[in-house]
Amino acid sequence: MAKFRVRVSTGEAFGAGTWDKMSVSIVGTRGETPPLPLDHLGKEFNAGAEEDFEVTPPQDVGQVLLVRVHKAPLARSRPLAPSAGDAWFCRWVQLTPPQGAAPLCFPCYQWLEGEGSLLLREGTAKISWEDHHPTLQQQRREELQARREAYRWKTYIPGWPRCLNKETVKNLNLNIKYSVAKNTTFYLRGGSALAELKLKGLLDRKGLWKSLKEMRRVFNFRKTPAVEYVFEHWQEDAFFAYQFLNGLNPVLIRRCHYLPKNFPVTDAMVAPVLGPGTSLQAELEKGSLFLVDYGLLAGVRTNVINGRPQFSTAPMTLLYQHPGHGPLLPLAIQLSQTPGPNSPIFLPSDDKWDWLLAKTWVRNAEFSIHEALTHLLQAHLVPEVFALATLRQLPHCHPLFKLLIPHTRYTLHINTLGRERLIAPGQVVDRSTGLGIGGFSELIQKNMEQLNYSALCLPDDIRARGVEDIPDYYYRDDGMQIWGAVERFVSEMIDIYYPSDESVRDDSELQAWVWEIFSEGFLGRESSGLPSTLGTREALIQYVTMVIFNCSAKHSAVSAGQYDFGAWMPNLPPTMQLPPPTSKGQARLEGFLATLPPVNATCDVVTALWLLSKEPGDRRPLGTYPDEHFIEEAPRRSIAAFQSRLAEISRDIQERNRSLALPYPYLDPPLIENSVSI
């Protein structure tokens, strides 16, 4: 019988190699061979190895359709090897048929744990209606059925997006789990920070901070230029306003076309900033006023820390953009949604401590909204929905699976870890934030009633908030460049595989994927505007662009700066220990310190922000695809063009940042991870 040449590539990661016995079966139009051993003298399948074998099938299987890779525990006759089957990471298998036929590549990029097999398809991307052979059709169905069994949905908290049904990262399979290197770095980093704060006697101290100067001891273990800048400028009005554009939560500010009735700011109040003879109405008509409203916080339950009840408020902030290229500045702050004698409107012209305390209450609201909604809900729970639906509804050979799977890497691990170590009872959110798990849960439930498709699509969001032309809005500027690059890349990929709108409508796997995101992630809420089906290539391009952007750039923008802006705790206090002021003229330094979080809660949260701000190794920046799921030339050319465009964007961002006192690096493509992985 004719011989086939088999070339096998093993992954390079620690532990990717195996001692186990390997074999392949060749599946063709006329049947399947028995397992054909892959064996040389000596050790095979070491990490990073590419090895050639020859196999001789006992029968003619016809046109090759699939390759089945088998792994079985090594016989006990080799006592130096492990007695039980170990894990192996297969990158790809290449099969060269006899008589000079072209090699067939079978991408894999999967772990095989213990004894078992993997059934691999030739790497050309195929939509379901392109598979005509019954064997291939059956393989698609069986692959998806197995993955739906492995990756199930559960309701973590009613009203939240549904999530992966695993209680702990120990229960995850290796295909979605942190690598050994990433896992080790993550825990070593966290342990070193906690150990230092414990040695300083801060982590267990439940009392108040003695002074503002003492608080600097918290971030001595990891100073950055941005942390130092925040420390130097946190009291300044211009920096307070700047953070609405380029801080941790740059998605709330919107142009103010009319003053809310429950925010009765008058011309006299703002005359010191606007100048004499200038009216609020005139500025509203010019479009120079902006509003940040934390109304979702109204009525949300608060936490108890160290036995003391904590406090929260739902402030509104009015801001003014100076004509020309002047700075954005705060005009007025009201610390509740209900105006009246006990809810004064604070102004820059007020006493220093009154004004600083009002701004600090706004920053506390910023912490709560950012961590519960912008970060946890929109940048973790929603991308988990995308990841889980992708695994459950799109087979490996589907072009959208190949396109999207790099943007789901480690998302299920970090979110399972978050439910285990951050938002579980007794963990950081529960023990050290002003809202606790109960308040976070209420906020997410409230926001789920409002979250809509346009908020997830950056161009639509920018237009809806009316912030297209506000100057020095680097989140918008960099984000729009990246959105454009992703959209162009996605458009090229969709054009390759979907020749018409009808081909989009006829792709049953694509439609099942979209429906599952709508029903499981957005709970079937039609008012969200999220599509439950897609009918055109244009709609598909926008949808896939939205998924990739939110799983990469959006997460980076609202996550990577957490330590930079939060290490100096008064700039982003996680809780407040005294009620908000009901009158002016009472604030003093002593009361300001007494309002801020206790020492142990500060250290607890700052350590978490440090851990969650930077990727712990094993990185894959946006547009980096070392796992070559696509084997055709056309998608490879599009990937190369995408990478070139991202490099151009990076050069532009770095050039601009060199002239900024506080650079904005959070959307620089080499610093953006492909996926939500921290």
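Cβ atoms here come from the backbone N, Cα and C positions, even for glycine.
The annotation Ca(2+) 1 binding site is assigned in TrEMBL to G15, G17, D86, A87. All protein chains considered, the CB of A87 (Ca(2+) 1 binding site) has 16 other CB atoms within 10 Å.
The annotation Ca(2+) 2 binding site is assigned in TrEMBL to D39. The local packing around D39 (Ca(2+) 2 binding site), expressed as other Cβ atoms within 10 Å of its Cβ over all shown chains, amounts to 11.
The feature Fe cation binding site is assigned by TrEMBL to H375, H380, H555, I678.
If you look up TrEMBL, you'll see 2-126 marked as domain 'PLAT'. Across the domain 'PLAT' (2-126), the prediction's mean pLDDT works out to 90.
Taken from TrEMBL, the feature domain 'Lipoxygenase' applies to 126-678.
As annotated by TrEMBL, site 'Essential for stabilizing binding to COTL1' applies to W111. In the shown protein chains, 19 other C-beta atoms lie within 10 A of the C-beta of W111 (site 'Essential for stabilizing binding to COTL1').
Cα to Cα, G15 (Ca(2+) 1 binding site) and W111 (site 'Essential for stabilizing binding to COTL1') are separated by 10 Å. In sequence order, T411, I414, N415, G418, H555, V676 constitute the residues six or more apart from H380 (Fe cation binding site) in its chain with CB-CB distances below 8 Å. The binding-site residues under consideration are H375, H555. Their Cβ neighbour counts within 10 Å are lowest for H375. Between the alpha carbons (Cα) of A87 (Ca(2+) 1 binding site) and W111 (site 'Essential for stabilizing binding to COTL1') lies a span of roughly 7 Å.
Other Cβ atoms within 10 Å of the Cβ of G15 (Ca(2+) 1 binding site), summed over all protein chains shown, number 16. Other than the site residues H375, H380, H555, I678, same-chain residues with C-beta atoms no more than 8 angstroms from the centre of those residues' C-beta atoms, the Fe cation site, are L376, A379, P383, I414, V558, S559, L612, V676. Comparing W111 (site 'Essential for stabilizing binding to COTL1') with D39 (Ca(2+) 2 binding site), their Cα atoms are 20 Å apart once rounded.
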